[in-house]
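Report on the following structure.
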There are 2 protein chains.
Amino acid sequence: MSKSETAERIVHVPLGERAYDILIGPGLIAKAGGEISTRIKGRRAAIVTDANVGALYLDGLMDSLQTDGIEAVSVTLPAGEKTKSFESLTEVCDVLLEARIERNDAVIALGGGVIGDLTGFAAGIVRRGVRFVQIPTSLLSQVDSSVGGKTGINTRHGKNLVGVFNQPDLVIADTDILNTLSEREFRAGYAEVAKYGLIDKPDFFEWLERNWQDVFAGGPARIEAIAQSCQAKADVVVADERENGRRALLNLGHTFGHALEAVTEYDSSRLVHGEGVSIGMVLAHRFSARLNLASPDLADRVERHLKAVGLPTRMSEIPGELAPTDALMAAIAQDKKVKGGKLTFILTRDLGQSFVADDVPVSEVHRFLEEMRVV
Amino acid sequence: MSKSETAERIVHVPLGERAYDILIGPGLIAKAGGEISTRIKGRRAAIVTDANVGALYLDGLMDSLQTDGIEAVSVTLPAGEKTKSFESLTEVCDVLLEARIERNDAVIALGGGVIGDLTGFAAGIVRRGVRFVQIPTSLLSQVDSSVGGKTGINTRHGKNLVGVFNQPDLVIADTDILNTLSEREFRAGYAEVAKYGLIDKPDFFEWLERNWQDVFAGGPARIEAIAQSCQAKADVVVADERENGRRALLNLGHTFGHALEAVTEYDSSRLVHGEGVSIGMVLAHRFSARLNLASPDLADRVERHLKAVGLPTRMSEIPGELAPTDALMAAIAQDKKVKGGKLTFILTRDLGQSFVADDVPVSEVHRFLEEMRVV
């Protein structure tokens, strides 16, 4: 008890009337009822989870809510990206209305990014907005999708093309849950952790270079890394909640990464999001060197670290045949961060000195990718 | 030309970075392209309309957009309340994405409340929000649903239970369009006009008592009445955008009115929304008298005016057999404006002196309705 309490960290996200806390620490699911009931007036809740996560943690969460006098229902959806659909959204809204969730009641997302994005969207539109609590259960969702308020679903035109900005009222990141993640899934989340260092926190990146093994092992270093990541993302989001400027920095590695995900058809046996981001970040640093913005040594250093933790860093590591460069370029052009037909990239000048570059010539990118795909 | 220009009115809704203008006047559809192109950066647009309105006004609007260099697509949905569904929402989102509508492009709702509510919702969630223009084509939507930013769809649990707050970027209320409305539809919209006087503008109600015939006839009095109504609603919305307090006053007549709509199963051959509001406003004034808050003469005066314009004012005027009082009470209890099981009503102390009354005893309401249904 005393151990968990001393280990717990709180990151406050100061977004005015949408301000909220991120609680980070071991064993937090068992305390969720207490944390929710002190922050949210309503005495009803609806939990949305997926089959994998629900099997492990739903009962514990229900117990905790009941202990603190919150009456809860739950809905369990299939695990996987396909759940981010209009069909699932309709289903979740129906469950929330059936359970008579009102404005001051809590909708709780218990799961990774898919469940968080879908549930946050539903909570943002049922009765034009009810309370929303996130309990992210993957490293990726703890350090990325649970901060920032982006919610949404996919359509046949692309990912996350329909959604709302909906800040949660509370995020509970139980770090014990991460012990049940596969190595690969943990590593993929770690790519986003490293990203925060590369965006604008060189000290954090250096700390990760020294301490990554402790982060993987669990314990205080892991909690520290998650707290630093949430704080880093929160700082960017607070500066630019609606993504008009600075928030674009969070896409470091993502333009290349999303394109790789698209051409591998989001087939997780070939590539998961964090792996695409890892390769994408190395590409962004190499491309910065190519444009004489940064040193090639910096790209080597970034690659060395990501490789050390076991992440892929090159396109040639992706299993199966990689789609032609033209297909990659088409995927980049379809990315929603294209404005008026011009390519926007996040590039860097030095470690932790990234910036938004508009007007990157398409031909340069094409030549660069053509070269990099074979190394 | 000079006549329309002098007749035109602009109501500004000062909602900070969500501020927008409502243009009110004759012949505005023909000028829509110019008005939109000066206010919205994007050069693409998608128009959402219904079969009835589209047949009359879609071509003219498309022409106007084209003249001002805006490339537009359109989607025409079935007319009627059933269109406010998840299915239509999915369809509209798909059309907007197919048309590559981006954040600075315009989604235009050309229609009444149904089209406005559905389209505003879609515009609020595609790419987490694109520009939104409303061209309301009924009196009801010009004075009510086009102001305030409430959007949404219906579910099997009730009306407007899923949606977002999404302020439009521009509202274009072409008063010529109202000439093609049926008398009944115009009258139903007029109930909401009168409501603004009864909420807190006694002078406006007195003006309506003297000038209602000119409002019905068209011309400057109609434009004046619409502008006053939009201004009145804007004032309330600006004071309370998210409906936490004062905005509840807009529900004057609506708790009873919604219940009557529900028990007549939204069958427009028996009762349309504005008619329910008319009866509901008279009931709210009579109930205020019953509770010794206001004089019975006031209720008589309100009823006299609504009767004069041809609106129903009593439950016994609704064609067909009225559901039992218990069913009315159940419908009232299901209304989303119930908080923690207590009944909230908008009551009044005098002409244009309405207020939010919490804790109205259920038994009083029941007895009152039991009595009023037979007069």
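Cβ coordinates are placed from backbone N, Cα and C, and glycine is handled just like the others.
Worth saying up front: this structure is predicted, and the values here are computed from it rather than measured.
The feature NAD(+) binding site is assigned by TrEMBL to B:GLY113, B:VAL114, B:ILE115, B:GLY116, B:ASP117, B:THR137, B:SER138, B:LYS150, B:LYS159. Here TrEMBL flags B:GLU192, B:HIS254, B:HIS273 as Zn(2+) binding site. Per TrEMBL, the feature domain '3-dehydroquinate synthase N-terminal' maps to B:75-187. The domain '3-dehydroquinate synthase C-terminal' annotation in TrEMBL covers B:189-338.
Taking the features listed in TrEMBL, we show where each one sits on the structure.
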residue: B:GLY113; record: NAD(+) binding site; DSSP (3 states): helix
residue: B:SER138; record: NAD(+) binding site; DSSP (3 states): coil
residue: B:LYS159; record: NAD(+) binding site; DSSP (3 states): strand
residue: B:GLU192; record: Zn(2+) binding site; DSSP (3 states): helix
residue: B:HIS254; record: Zn(2+) binding site; DSSP (3 states): helix
residue: B:HIS273; record: Zn(2+) binding site; DSSP (3 states): helix
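Comparing local CB density within 10 A for the binding-site residues B:ILE115, B:SER138, the maximum falls on B:ILE115. Note: B:GLY113 (NAD(+) binding site) has non-local neighbours B:PRO136, B:SER138, B:LEU140, B:SER141, B:ASP144, B:SER145, B:HIS273, i.e. same-chain residues 6+ apart with C-beta under 8 A of its own C-beta. Within 8 A of the CB centroid of the Zn(2+) site residues B:GLU192, B:HIS254, B:HIS273, the other residues of that chain are B:LEU140, B:ASP144, B:ALA191, B:LYS195, B:GLY253, B:GLY257, B:GLY274, B:GLY276, B:VAL277, B:GLY280. B:ASP117 (NAD(+) binding site) sits 18 Å from B:HIS254 (Zn(2+) binding site), taking the CA atoms of both as reference points. Averaged across the domain '3-dehydroquinate synthase N-terminal' (B:75-187), the predicted model reaches a pLDDT of 95. Note on the domain '3-dehydroquinate synthase N-terminal' (B:75-187): DSSP counts are 47 helix, 31 strand, 35 coil. Across the residues annotated as binding NAD(+) (B:GLY113, B:VAL114, B:ILE115, B:GLY116, B:ASP117, B:THR137, B:SER138, B:LYS150, B:LYS159), the two Cα atoms farthest apart lie 21 Å from each other.
Residue pair B:HIS254 (Zn(2+) binding site) / B:LYS159 (NAD(+) binding site) shows a Cα separation of 13 Å.
The candidate set comprises the binding-site residues B:LYS159, B:HIS273. Of these, B:HIS273 has the most other Cβ atoms within 10 Å. In this structure the alpha carbons, written CA, of B:GLU192 (Zn(2+) binding site) and B:LYS159 (NAD(+) binding site) are 18 Å apart.
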